[in-house]
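Accompanying notes for the structure given below.
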């Protein structure tokens, strides 16, 4: 095992606890940024380019037929082999926390539709489920099992907010373990079925899960109700005959007590567990090798890397699996320094460099980290983009123009706002309306007062008008303020000047013009 510190040259503020990494044929992509995706990367997915211990985050693009994918923290992710050649390598993403500190119950499928030397185009589709739909959660696991030529997703564990009937103002963000039910998800037909297994008595979150063929192993985890990290080791076997699936669970000895650990695969039958916690504020510095052979599991300690003093003394650490036996780790920066980074990052290689990339297809593990604070809302990004079409991001040099200072923007120009009393743009149901939209609603700026943003669709703007207004510098006033603006900008009507008749300028009873009247007449004449 070799530990190496790496430097992040740009967008370092995006990498926070709770992110995920996806490995597509050796290329690693970062997902789960802080806040909503920004103008420079409306997809919120970045290519994690590591070269000579130097990391660059380069924004990626989505195809036009992709759905909106919010940046989710602490989701469950796993790889999945589709039936088509174009779907041979996909990622399943379920649940997680949104930047509004809400918990998602949606399931997304990520795949690559176009790949070149320096550019990858993704397609993201949302999968609707029917049946026993799993409730919104985070810190759980999702895996794919293969049996009798069929495949099925298996979802387990996690946390969710307490039911609305039990939530109070003081404890609005209180969370609880989800029930220890096992969900089978058919990705082809979108059906979900819940199973209650007597061996699983307590809810678990931030556990480790390993899938191979028709079997899933659940290790460790944290029980919030009991505040313990039991040395669990469960084996869940799924049989997929022609009829109804059969699910059974066996409790095995030799488990380990750990939560929020990172799992990486080193070869077809070996995995390595790195990091995690054994107590609330005590990191687990031991690494373990897990061997899966002949339907048996063996867990043994291995030689630990030479942890740096910063890693040893830090109270928290987090990270994710990069694939190919490599782990990406982060620790808090040293606050004693005059200029300190928020986090320092390392790569830990647990396997040789010539690891076969195909070996990563079995790594269906939960790689989230312990949630450092359930009640702290994530910041909302406040920028927007009129057009996020794929061709608008042509040019590799543009990828390095991202301004991470935008992440601290706290203005009130978010995409998901109520722009008027009749606004019906909802983050959960919004679909593109204009051809210029891909990942977010088009907005237009109303110049009334201090100005504010409104959704173009709510203002009933024709696409032609929207493009015309966004391309020029003309002022625009929304439906609520257009009448006020007209009143302010319409000049007062001036009555035409009436010249008094000459006889009115004469004094009564005199044929001569008075001196004051004469002066007034001359002023009007020469003015």
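Cβ atoms are placed via backbone N, Cα and C, with glycine included.
Of all Cβ atoms in the protein chains displayed, 24 besides its own lie within 10 Å of the Cβ of residue 455 (Zn(2+) 1 binding site). The feature Zn(2+) 1 binding site is assigned by TrEMBL to 419, 423, 455, 458.
A simple way to gauge crowding: the CB of residue 478 (Zn(2+) 2 binding site) has 21 other CB atoms within 10 angstroms, across all the protein chains here. The Zn(2+) 2 binding site feature in TrEMBL is assigned to 446, 452, 478, 481.
Annotation source TrEMBL lists compositional bias 'Polar residues' at 358-370.
For 371-380, the entry in TrEMBL reads compositional bias 'Acidic residues'.
Residues or ranges marked as domain 'Recombination activating protein 2 PHD' by TrEMBL: 414-491. Each residue of the domain 'Recombination activating protein 2 PHD' (414-491) gets a DSSP state, and the totals for helix, strand and coil are 17 helix, 8 strand, 53 coil.
The region 'Disordered' feature in TrEMBL is assigned to 357-380.
Here residue 481 (Zn(2+) 2 binding site) comes close to 446, 448, 449: these same-chain residues lie at least six apart in sequence, with C-beta atoms under 8 angstroms from its C-beta. Most Cβ neighbours within 10 Å, among the binding-site residues 423, 458: 458 holds that distinction in the structure as shown. Cβ neighbour count for residue 452 (Zn(2+) 2 binding site) (all protein chains, 10 Å cutoff from its Cβ): 18. Sitting within 8 Å of the Cβ centre of 446, 452, 478, 481, and not among those site residues for Zn(2+) 2, are the Cβ atoms of 445, 447, 448, 449, 451, 454, 476, 477, 480. Cα spacing between residue 478 (Zn(2+) 2 binding site) and residue 419 (Zn(2+) 1 binding site): 10 Å, rounded to the nearest whole number.
Annotated Zn(2+) 1 site 419, 423, 455, 458; additional same-chain residues within 8 Å of its Cβ mean position, judged by their own Cβ, are 417, 418, 420, 422, 424, 425, 441, 454, 457, 459.
Here residue 452 (Zn(2+) 2 binding site) is positioned 8 angstrom away from residue 419 (Zn(2+) 1 binding site), judged by their C-alpha atoms.
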